[in-house]
Amino acid sequence: MANPSSDIKEVLSQRIKEAEEVCVADSSSRECAVAWDEVEELSAEIAHKRVKQEDKKDPLEEFCKDAPEADECRVYED
């Protein structure tokens, strides 16, 4: 199964190429502006997903990586 993150990055790369091709003839055309707007929207989506993913990190896990001997990080087995 493909990684959705890599899929959207591939689409972004494709849209950039398309925008460059559209804008070769006339960089001030409406089609050129629309093409770069699509690139901007995809870039923003990637950034939002990255931030969301970073927000899901558990602060306790990060703390325990640095201080595994801390009381908060002890794991007890039954």
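Yeah, the Cβs are placed from backbone N, Cα and C, and that goes for glycine too.
Per TrEMBL, the features are:
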type     : residues : note
DISULFID : C23-C32  : disulfide bond
DISULFID : C64-C73  : disulfide bond
DOMAIN   : 8-78     : domain 'CP12'
Cβ-Cβ neighbours of C32 (disulfide bond) (radius 10 Å):
18
Using DSSP, break the domain 'CP12' (8-78) down into helix, strand and coil residues and give each count.
55 helix, 0 strand, 16 coil
Taking the Cα atoms as reference points, how far is C73 (disulfide bond) from C32 (disulfide bond) in Å?
54
Taking all residues of the domain 'CP12' (8-78) together, what is their mean pLDDT?
89
What is the separation, in Å, between the Cα atoms of C23 (disulfide bond) and C64 (disulfide bond)?
51
In angstrom units, rounded to an integer, how far apart are the Cα atoms of C32 (disulfide bond) and C64 (disulfide bond)?
50
Same chain, 6+ residues apart, C-beta under 8 Å of the C-beta of C64 (disulfide bond), given in sequence order:
A70, E72, C73
